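Asks: Here you go, one structure.
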Amino acid sequence: MESSILDSIGSEIIGVMTPVSLCMLLVVLLVYSLSPSEQSLSGASDPFRTAANLVYLERPDDSSTQKLEGAVLNALVFVILIAIVTFLLVLLYYYNFTNFLKNYVRFSAFFVLGTMGGSIFLSIIQQFSIPVDAFTCFVLLFNFTIVGVLSLFSGGIPILLRQAYMVCMGIIMAAWFTKLPEWTTWALLLALALYDLFAVLAPGGPLKLLVELASSRDEELPALVYEARPTVSENERNRRSGLRFLLGGVSDSGSVELQVVSRDNADGRENHGNPEYSAVNVGTFGNEMHERSSDEVERLPLVGHLRDGFSSSGSSSDRSTSVNRENEIVMEEEMSPLVDMSLLGNNRQRASDSLENSLITDRGIRLGLGDFIFYSVLVGRAAMYDLMTVYACYLAIISGLGCTLILLSVCRRALPALPISITLGVLFYFLTRLLMEPFVVGTTTNLLMF
């Protein structure tokens, strides 16, 4: 049982863990590169007020009790704000304000890439003294932002480009969250893990309501979600169902003509024909044409052209008459499919339906942008202390994510990705900082090997 589960989702797990690991690695590099050397564990020397610390501004000279109380209050207020906004989004989605939500998400992506990403870009330029003028910097940032918004929300974009920009947005947001004070960061991570558990699994949880509404409508959620592989909803599949079969033939001029067969157009046609000619094979195309009746051949313009091409020994007058007849058939059947879909047998139709249902239900693993952000925030905060804590937190997060994905394959329902990973990460951080790091440093300084 376990081996079959691992075999079925192994590639999916790798497809999710790879971008998560890359996001955490780049956040750690940003923290090491952009953090000043005199920065202490308490965060920046000049605290600034954000939505995550509306109640309490942590200062280095505050007592531990004050920091703990203030951090808990900040986390509580932040979670309440997130819950209010999420329930508001649920109401808007319930009353079909989908276009407004999509535009809101587009604006959010533009704001994150343009302003917050631009600030990090300028910090990198200043830190490494990169020689670039203001105009070039503006053009690069503008192109980066516009291409990012288009790749996240437009169709026909390569999936790798979309995934890359999702990772970039996670890096940018996580780099900003690492500027929060230490106590507030830890309290915020634990509070968000508990909220994620409630929002996804509770009967009245906002995220659960969103997922159920989207499933009932068979729509994609207007949200920033990382997809391990591209998926197509049933509505989108039905809209694309016209491009189902492709028939080829040789025209009078000697060129190859291709025409697609639309299932939607063919559903309304009458059932007349032999089911055994439901598909056309290129290798046996000429042989099958001799076996079909003349009436069936006349209903297929390209087949008629191909037949005329094969009978090149006929007279020129017969050939011109045949061409005129075939042109008339093309004009009459301009909006009709070349092959009647009613020719498909019941067995073939049932097989197609079962395959279509399996493709619809076989969706790839999806991970919200918030999971990328807070995984990276935890590792980035650990990087401000020591690399040993970074390794421990990374292993804990990856282990928790793996457990969550395995549970996802077993439960076959939406599960929160934060609770297990964040709990293990915070636990491993404090165990490493309080127990492992003193032990390793003590044995190393005393030249002991173990």
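Here the Cβ of each residue, glycine as well, is placed from N, Cα and C on the backbone.
So TrEMBL says this about it:
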TRANSMEM  12-32  transmembrane segment
TRANSMEM  71-95  transmembrane segment
TRANSMEM  107-126  transmembrane segment
TRANSMEM  132-153  transmembrane segment
TRANSMEM  183-202  transmembrane segment
REGION    307-326  region 'Disordered'
COMPBIAS  311-322  compositional bias 'Low complexity'
TRANSMEM  389-410  transmembrane segment
TRANSMEM  417-436  transmembrane segment
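Structural setting of the listed features?
Replies: For the transmembrane segment (71-95), the residues of the chain that approach it from at least six positions outside its boundaries are 51-56, 58, 101, 181, 183-184, 186-188, 190-192, 194-195, 199, 206-207, 209-210, 213-214, 222, judged by C-beta separation under 8 angstroms.
With a cut-off of 8 Å between Cβ atoms, the residues of this chain six or more beyond the transmembrane segment (107-126) that come close are 30, 33-34, 132, 137, 140-142, 144-145, 148-149, 152-153, 165, 168-169, 172-173, 175-176, 224.
Only residues 6 or more beyond the boundaries of the transmembrane segment (132-153), in the same chain, are considered here, and those with a CB under 8 A from a CB of the stretch are 102, 105-106, 109-110, 113-114, 117-118, 121-122, 125, 161-162, 165-166, 168-169, 224.
Taking Cβ pairs closer than 8 Å, the transmembrane segment (183-202) reaches residues 42-43, 52-53, 56, 58, 67-68, 70-72, 74-76, 78-79, 82-83, 86, 177, 208, 211, 370, 374, 377-378, 381, 414-419, 422-423, 425-426 in its own chain, all 6 or more past its ends.
For the transmembrane segment (389-410), same-chain residues at least 6 beyond its ends with a Cβ under 8 Å from one of its own Cβ atoms are 5-6, 8-9, 12-13, 16-17, 20-21, 24, 28, 365, 375, 378-379, 382-383, 416-417, 420-425, 427-429, 431-433, 436-437.
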